[in-house]
Structure formats: C-alpha cells, structure tokens
Amino acid sequence: MFQTFKEWFWLERFWLPPTIKWSDLEDHDGLIFVKPSHLYMTIPYAFVLIIIRHFFQKFIASPLAKTFGIKEEVQKKITPNTVLENFFKHSTKKPSQTDIYGLAKKCNLTERQVERWFRSRQNQDRPCRMKKFQEACWRFTFYLIITIAGIAFLYDKPWVYDLWEVWNGYPRQPLLPSQYWYYILEMSFYWSLLFSLGSDIKRKDFLAHVIHHLAAVSLMSFSWCANYIRSGTLVMIVHDVADIWLESAKMFSYAGWKQTCNTLFFIFSTVFLISRLIIFPFWILYCTLILPLHYLQPFFSYIFLNLQLMVLQVLNLYWSYFILKMLKRSIFTKSIRDVRSDSEGEYEEEEDEEEEEEKEEATGGKETDRLKNSLGADRHLIPNGQHGC
C-alpha cells in the first residue's frame, strides 16, 4: 500500500509540466538537479541549529543582555496552596471579586492575601526579559546572516533583475551550490523554530506562528521538489529582509532603549509594508502567477504553488494589521509595545500594583484588610459589590 501511495504521490502530472518526466531532471554532463532526498538533511541540520542556539544564547546573548542592563529575574516564592492552585489551573487565572471573597473564606486568608497569591502565581508564568532578549537576539543574528548570504547568492543572478529568466528553461534548470545551501539553511531554521515552539515564549499569535512556520516549510519543500528554486529564492529574500529590523527593535525594547527601539520599529514597519504588501504581491506573485502562462499551460503544481503563496500573503496582511496597530499606539502613547505579547502590558501593570500594595501593607495595609473582612459579612450592603475601602 505504501509503495502504491508513493508511486501515486510522485506522478509527474502532479509536479511537472505536461510532457516533462522525472528522467529529464537527472544529473548529466556535470549538471546537478534538485532531488527530494536532499530535504532529509534539513531535520538533522535543524537540531544542529537548536544546539548552536543554546550555546549562542548562553555565551553571547546572555552576556550581551547583561551589558544592556538586563538581569536574570528571580521569581518570588509563593506559599503552596492546593485550593488556590486548583482554582488557578482549572477555573481562571484572574478570579472575580466574588471568587476572591469565597476563596479567602475557604482558605482562612484575607482577600488581599488571595489577590496577591494569584498575582504572584501569574508572575511565575511570566516570561522574563532575559529570555525574550535571548530569543530576539538569536533570530536577529540568523536573519542578518541569512539575508547577507542571500544577497551574496543572488546579486549576480539574472532572474533577480529580469523576472522572465525565472521561467526560462523551466523545469530543466540546474541546481547551484549557493541555491542548495540557501534553501537548506532556511528550511532547517524554520524546522528548528517549530521544534522549539513549546519552550519559546508563547504569544497571542501562537497559532499564526505555527501556521506560518508550517506554510514556510511546506512551501519551500514543495518548491524544491518541483524545481521552483529561482522564484523560491526571491520569496525568501523578500521575507527575510524585514525581520532583521523587527528583532533588533525587540532587543532594544527589552533593554529599555525606547528611542532606539522606536526608530528601528519605524524602519521595520516601512521595510515590512513595502516588501510584504507591495513587492511580494506585485512582483513575486506576478512572477509566479502571470508570467508562467506565457511559457506553460496551467498544471497542478503551478496552481498549488500559487495557493500557498496566497496563504502566505494572507498572513502578511494579518501581521500588517498588528504593525499598523502598534504604529497607531506609538503615535498616541509615544511608546511601542509588541501587541502580540501574551499580556505583557498586564504583567507590567501587575508588577506596579504589587509594589504599591507592598508599600501600603508596610504603612497600614493590615488595618485595611481588617476593615475589608469586617465588611465582608455585610457584602450585600455595598452597591455593585464594591468594597467600602
């Protein structure tokens, strides 16, 4: 059954233009052509990148973060409480005032103690700035290296300046060593991002990241097998060039260099919107969707390739919405915060509230707790469930 499926999966009519056979893409006269078996190497290379990332974050990113004044955050230990822990895990991380009142009675604690327990428990799951800086630093370094490599690989290629050359001679286009390493390293990187999603900081657009990484791997794998290498290299360079600025802006944001962060973010926004909303749809998609029709009749892989590119463009529009939202926020609040972060702003507010509560407790918070508890028995006398203090 597996052999039958394999034979059906690799039918020429799915992958290649009519009249073209796999035998036409066999190596000959010193010319090397793409082979699906080449993609096997992306998995071990992905694990190599994960190992490199571990040592990079430990010996380069961490010292760099400390140079910027970012320190390892020591989480405050909280008193174990089975009742509160079960409520936190199985009900909600942010209990209502009524829930707090009930839990306080059940645990023989004050309401303020319950509130502070939940706040401390939430802060335990909060990603620290050191980890966020390390992740951003690693991605910045890779995107910088791969973008420089991509420019070096492509600057002298005729299809960069004349899009008709992308399809000249297709699919009998030999594989160049620079194309091989550009593709393999890029795919290995996205595999490594997928493998590390569970340990990386989880943001609000976690699902979009999963879809993006899977779409990137799928698109690159498919374009490799169908020998869409020339158009594939153009897609990669257009998408990598903006990410450098985003990751550098994040690094300076975590370091507290707000003015530098804002400047880099505006550069990123400009590059992103131009590359993803202008160059990609009007240059790349035009190249893959319109120009092939002058050479070939539509066939399955041509349709599938463009469907994947359109999914990628939808994701570009999705992230453009967040970028414009951050730009709007920066204009009116004079600060840029990654709106994709998992309640990053809420954590900062909670830290401020906790500091204020500590000061209040040191100067009479206990009397406030007693007053709140004394009013608790007559809760129905307080309009809208508000506490009198």
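Keep in mind that glycine also has a Cβ here, set from the backbone N, Cα and C atoms.
Database features (TrEMBL):
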DNA_BIND  86-129  DNA-binding region
COMPBIAS  344-360  compositional bias 'Acidic residues'
COMPBIAS  361-381  compositional bias 'Basic and acidic residues'
DOMAIN    131-332  domain 'TLC'
REGION    342-389  region 'Disordered'
TRANSMEM  38-56  transmembrane segment
TRANSMEM  136-155  transmembrane segment
TRANSMEM  180-198  transmembrane segment
TRANSMEM  264-293  transmembrane segment
TRANSMEM  299-324  transmembrane segment
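Regional average pLDDT for the domain 'TLC' (131-332) in the model is 91. When Cβ-Cβ distances below 8 Å are used as the criterion, the transmembrane segment (264-293) is approached by residues 163-164, 166-167, 170, 228, 231, 234-235, 238-239, 241-242, 245-246, 248-249, 252, 302, 305-306, 309-310, 312-313, 316-317, 319-320, 323, 326-327, 330, 336 of the same chain, each at least six residues removed from its ends.
The recorded stretches the transmembrane segment (38-56) and the transmembrane segment (180-198) share 3+ CB pairs below 8 A when only pairs 6 or more apart in sequence are counted, and are therefore in contact. Packing against the transmembrane segment (299-324) from elsewhere in the chain are residues 13-18, 205, 208, 211-212, 215-216, 218-219, 222-223, 226, 228, 235, 268-269, 272-273, 276-277, 280-281, 284-285, 288-289, 292, 339-340: each is 6 or more residues past its ends and has a CB under 8 Å from a CB in it.
Same-chain neighbours of the transmembrane segment (136-155): 49, 53, 56-57, 60-61, 64-65, 178-179, 181-182, 185-186, 189, 233-234, 236-237, 240-241, 243-244, 247-248, 250-251, 254, counting only residues six or more beyond its ends whose CB sits under 8 Å from a CB of the stretch.
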